[in-house]
Amino acid sequence: MNSSLTAQRRGSDAELGPWVMAARSKDAAPSQRDGLLPVKVEEDSLGSWEPSYPAASPDPETSRLHFRQLRYQEVAGPEEALSRLRELCRRWLRPELLSKEQILELLVLEQFLTILPEELQAWVREHCPESGEEAVAVVRALQRALDGTSSQGMVTFEDMAVSLTWEEWERLDPARSDFCRESAQKDSGSTVPPSLESRVENKELIPVQQILEEAEPQGRLQEAFQGKRPLFSKCVSTHEDRVEKQSGDPLPLKLENSPEAEGFNSISDVNKNGSIEGEDSKNNELQNSARCSNLVLCQHIPKAERPTDSEEHGNKCKQSFHMVTWHVLKPHKSDSGDSFHHSSLFETQRQLHEERPYKCGNCGKSFKQRSDLFRHQRIHTGEKPYGCQECGKSFSQSAALTKHQRTHTGEKPYTCLKCGERFRQNSHLNRHQSTHSRDKHFKCEECGETCHISNLFRHQRLHKGERPYKCEECEKSFKQRSDLFKHHRIHTGEKPYGCSVCGKRFNQSATLIKHQRIHTGEKPYKCLECGERFRQSTHLIRHQRIHQNKVLSAGRGGSRL
């Protein structure tokens, strides 16, 4: 009996395959106590798959992309998928080189880049930040650049560049630092002068005059850039080289009125002796400043934009590796007057002013931002996620809930600066302020009534009898769009206004207000004849007829006498 059970178990194990056998091998010791023989799994049974990667390991970013983008359909089975994921993760995080803190920093950095808005993600990823601090610096610089477009009328690429000190440059992989230098030399068709290259490698500060002499013996370079271009700058990533190839436009470097601009000097700050003005002990302060110790390694004009031999700069410029920044300012001009030095930023600005790429599939209305489209779609779906805790009323937008809550709190945050009257909503304040601006009032030619320009066309409909808003259900017409919306609730049966006391619901807010007076006992309408008060205006009108009838009766009796 036992032998037959053992044979059956062995047969089922053979059907399950070596994967299950390997998992059971972990429990080999308990199995021996139970009298079961351990089964050794041959390595060949796991398959002969090996990672199909080249001998030279790819860079961590490539491995990360392969790790995130791997699909189960691309591999032969679960074993291969798991093995490949482990290998890609190891090549990405490099546990044999990085500490636990560094690995955690990489994971946090990846998640930080993931949650960034799409328009920022591309910029930050192009700079390949090595830490979260570098990524934050890029985001802040880009935000400052975008915020400053209206005041400065110019966006410069340095606002979006990652600052690399000599220490950070040394921490870069040799392949990456060499690639940055080789890319710069390849794009410019030039090489570093030997005298300067050795001193740059040794982190020595080169006198300004020597830089100018090495780069331009005739001294025309200083004349061409007097007061216009920076001499010391940040070492930017190779993103600029790629952008120049794509757009053909140089990216000007200019960083002003920002923390990164400390120690950022231009040729206009260079005196005749070739030193920086404001430095007490020649270059001692520069040596102590990590920000100022970064000489520009690569900033070049695209080949199409370089001056010819006959131009002022001369042919020597093409063969020299400049330690100064040279850029031709060719801003993109927008209709609003803002200038942009990069086509991507110009495209973003153009979308904000013109394009509405997000379109509603129900009504065809377009929006500039995706969030506005989501907010609009709640009109069609009827979703009202924001509810008032006082009365239970729900709203589709948080701003509408905020306005509604002021009816409970009595808050009136909007104040008229001329008369001091306060209002709950900004629209009410704007309507009130029109009473102070008499110049915007117009007189109706039909009846002589004076009204604001915003209400003039609405008032003229009273005389013309125009009713442009028509109900498709019953073909009833209305003068105002709001009246049509209120009327629609009769057909849909919608009653959005509910009483917080008794739960009764109404299709109009005015009806709810009248109903609530039953619970509060409020009687706002007062008869001027006898002082009696009423909850509704219709009740007051009915009551006033009593006094009118008494007057008429008294008049008839006097005439008879």
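The backbone N, Cα and C atoms fix where each Cβ goes, glycine too.
Per Swiss-Prot, the feature phosphoserine maps to Ser12; the stated evidence is similarity to another entry.
Among the features that Swiss-Prot reports, SUMO2 cross-link is placed at Lys40 (among others), with the record citing similarity to another entry.
Annotation comment: Swiss-Prot describes 64-146 as domain 'SCAN box'.
Positions annotated as domain 'KRAB' by Swiss-Prot, on the basis of sequence analysis: 155-230.
For Lys203 (among others), the entry in Swiss-Prot reads SUMO2 cross-link, with the evidence type similarity to another entry.
If you look up Swiss-Prot, you'll see Lys228 (among others) marked as SUMO2 cross-link, on the strength of similarity to another entry.
Positions annotated as compositional bias 'Basic and acidic residues' by Swiss-Prot: 238-247.
Residues or ranges marked as SUMO2 cross-link in Swiss-Prot: Lys254 (among others).
Feature annotation from Swiss-Prot assigns SUMO2 cross-link to Lys282 (among others).
Taking the Cβ of Lys443 (SUMO2 cross-link) as centre and 10 Å as the limit, one finds 11 other Cβ atoms among all the protein chains shown. A strand conformation is recorded for Lys443 (SUMO2 cross-link) in the three-state DSSP classification. Annotated SUMO2 cross-link per Swiss-Prot: Lys443 (among others), in sequence order.
On the 0 to 100 pLDDT scale, the domain 'SCAN box' (64-146) averages 82 in the predicted structure.
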